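Structure, as structure tokens:
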Amino acid sequence: MQTLAQHLTSKAVNESLSQLILTLADTSKAISHAVRHGALAGVLGATEQENVQGETQKKLDIITNDMLKDALKVDGTVRGLASEEEDHVVEVSANGKYLVCFDPLDGSSNIDINSLVGTIFSVLPAPAGELTETSFLQSGRNQLAAGYVLYGPSTMLALTTGQGVQLFTLHPETNEFLLTNAAMSISPDTQEFAINMSNQRFWEAPMQTYIADLLLGKIGPREKSFNMRWIAAMVGDVHRVLSRGGIFTYPTDNKDPKKPYKLRLMYEANPMALLVEQAGGKASTGYETILDIQPTQIHQRVAVILGSANEVDACLSYHGIDYSEEPTLD
């Protein structure tokens, strides 16, 4: 089996980007160790602090954020970083080539119940000039690499550098990420969907109707039965989609009219959308392709619908959009 370093060399990924990816991977090993120790190390539970989104921070949110920040500061390739747990962008190295956006511990509410969590990251080119928030406001199409590390029964890294999606598994004895799936592929059709049903009454009408039709199964207009899955961590639900197909959505809702969207564009939706597209799936807000969005702020939120291509198209048809054919540019 190829190690991660050997794989990056075989794919001719340039030296500086390879170095950055290896730094992220090495840091995830340390995060995996911290997650495994959990209560034994006294790192479970919440703090009295809130992040910029007004969410209560878990102890491990802060610990893992600091671990990634510290590692990227000494890596040498990073110009700046943006994190779910940081109010503002952080300048790292004046000579760095890359910007890194990350969610250090996605699904951290699962920590206290010993369920799935993960790290999500996105790598963008660093523009010339002074580093500001505007430096980061690039569409997802500009991503040079994206991935996540899933901390589950095995620690797994899903990675794309624009050459498909590869899956690596952390060997418990050698502590090396080894290539275990060279070409992850999302089946175009599915009978599984993932959504937080407790928000049903707050969804827009198109999503209400779409989910209602899925629940009707064989006697409904879809004429087949669907199963629902929900892990309450995007990283876990998207991993399932990449592994065996499905559709994952966190749609627009009016539960809090000031916050109609849940997931963050720069360090959740964009990297996951790139992985999904590279594996043959699709990713949309319901009204536009996620990777085509021009961001307006670092912590911008968006609706997310992603997964098996034909099922995403079916969902979008309820929104009055036909994505069954790729749009052509004049």
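Cβ atoms here come from the backbone N, Cα and C positions, even for glycine.
What Swiss-Prot says about this protein:
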type    : residues                                       : note
BINDING : Glu84, Asp103, Leu105                          : Mg(2+) 1 binding site
BINDING : Asp103, Asp106, Glu268                         : Mg(2+) 2 binding site
BINDING : Asp106, Gly107, Ser108, Ser109, Asn196, Lys262 : substrate binding site
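Here the features listed in Swiss-Prot are painted onto the structure.
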| residue | record | DSSP class |
| --- | --- | --- |
| Glu84 | Mg(2+) 1 binding site | coil |
| Asp103 | Mg(2+) 1 binding site | strand |
| Ser108 | substrate binding site | helix |
| Asn196 | substrate binding site | coil |
| Lys262 | substrate binding site | coil |
| Glu268 | Mg(2+) 2 binding site | helix |
*If you draw a 10 Å sphere on the Cβ of Ser109 (substrate binding site), how many other Cβ atoms land inside?*
17
_Please identify, from the binding-site residues Ser108, Asn196, the residue with the sparsest Cβ neighbourhood, meaning fewest other Cβ atoms within 10 angstroms._
Asn196
_Neighbours of the Mg(2+) 2 site Asp103, Asp106, Glu268: Cβ within 8 Å of the Cβ centroid, same chain, sequence order._
Glu84, Phe102, Gly107, Gly118, Thr119, Ile120, Tyr148, Met234, Val235, Leu263, Arg264, Tyr267
*Could you work out which of the binding-site residues (Glu84, Asp103, Gly107) has its C-beta surrounded by the smallest number of other C-beta atoms within 10 A?*
Gly107
*Using C-alpha positions only, work out which of the binding-site residues Glu84, Asp103, Leu105, Glu268 is nearest to Lys262 (substrate binding site).*
Glu268
*Within 10 angstroms of the C-beta of Glu268 (Mg(2+) 2 binding site), what count of other C-beta atoms is obtained when all protein chains are considered?*
26
*When distances run from the Cα of Asp103 (Mg(2+) 1 binding site) to each of the binding-site residues Ser109, Asn196, Glu268, the nearest one*: Glu268
*Rounded to the nearest Å, what's the C-alpha distance separating Asp106 (Mg(2+) 2 binding site) and Glu84 (Mg(2+) 1 binding site)? Just drop the number here, would you?*
9
*Neighbour count (Cβ, 10 Å) for Leu105 (Mg(2+) 1 binding site)*: 31
*Tell me the Cβ neighbour count for Lys262 (substrate binding site), meaning other Cβ atoms within 10 Å of its Cβ, over all protein chains shown.*
21
*Spatial neighbour of Asn196 (substrate binding site) that is closest, considering only the binding-site residues Glu84, Leu105, Glu268 and their CA atoms*: Glu268
*Around the recorded Mg(2+) 1 site, report the further residues of that chain (criterion: Cβ within 8 Å of the mean position of the Cβ atoms of Glu84, Asp103, Leu105; site residues excluded), sequence-ordered.*
Asp61, Thr64, Asn65, Ser83, Glu85, Phe102, Pro104, Asp106, Ser108, Thr119, Ile120, Tyr267
